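First comes the structure, then the notes that go with it.
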């Protein structure tokens, strides 16, 4: 029992990173006289480069005035206010500039709105001088209020790729964890082969949990590796990895519950208790999928409480499962002790009537 339980705890380690999609590396915006400004945020390493390409079109030979600046935030709390910044326009009125330092700024420079506009003589428009959180602000205004359309393409790329400074550590982490699960799977196969005569059905399911963990980490690694090379995220891959993670966590919790109930140790079958375990597993999977979906797709600074609504029921259910596991473990351990499957000095005392009665009750319940 101890060996199975330890393996289940290993494969069920709560490795959970509260990151959504990787911070974007490329942005595309459309400006006109109604949409005049955008803000982009990203954590960058030293020597990262910022590229801005503007293609402007107009029918009346319009002239546009372009303002842009790169600002460094000295306070982390100022950085995530805009979350995935493509959803937000400009700086809010209550934005605190006291911790924002302008590292590059170009104001009120006029350009003819005809084709490609070069902000600087050569790319990139700016190279980051130190690690930090950076905010790129760009504004395009038509001088004489004429109609125009400007397509703006922005890229922020480090020496090693498009991953931000905040997301870069996850790439080697997921690669290392994938390798750990591979080694864990090989070890489990070797141990199972050596003990094949004594294998229980539950031990095959433990192998399934290890496989799901390996698939989860491999999918995350592939997504982050692809994003680092292209700057574009595959949302379907991230969601697939999250749903596989939900399945892994669900199966692992069900197996821990089954082991703690004494299946294969003091009980040859679970009987009606199996339906409860399956019901809890289905409920946990549904809540975990809802929580993962909300955590991945919502903006980082989403002011709504939808994420909380999805998180609280899952946390409550997780707590209830832990309580059920510890209660069941205590009962199973007590049953083993009373049936002399484990050493207990109390059973060696023939004058202890209470223990004799309890032992008789267990024997009647499970058979001598």
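Quick reminder: no glycine exception, Cβ is built from N, Cα and C everywhere.
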Segment assigned the feature transmembrane segment in TrEMBL (from 273-294, 339-360): 273-294
Annotated transmembrane segment segment (source TrEMBL; candidates 143-162, 203-222): 203-222
Most Cβ pairs under 8 Å with the transmembrane segment (273-294), selected from 171-191, 203-222, 250-266, 306-330: 306-330
Distant-in-sequence neighbours of the transmembrane segment (306-330), which means Cβ under 8 A and at least six residues beyond its ends: 253, 256-257, 260-262, 280, 283-284, 287-288, 290-291, 293-295, 298
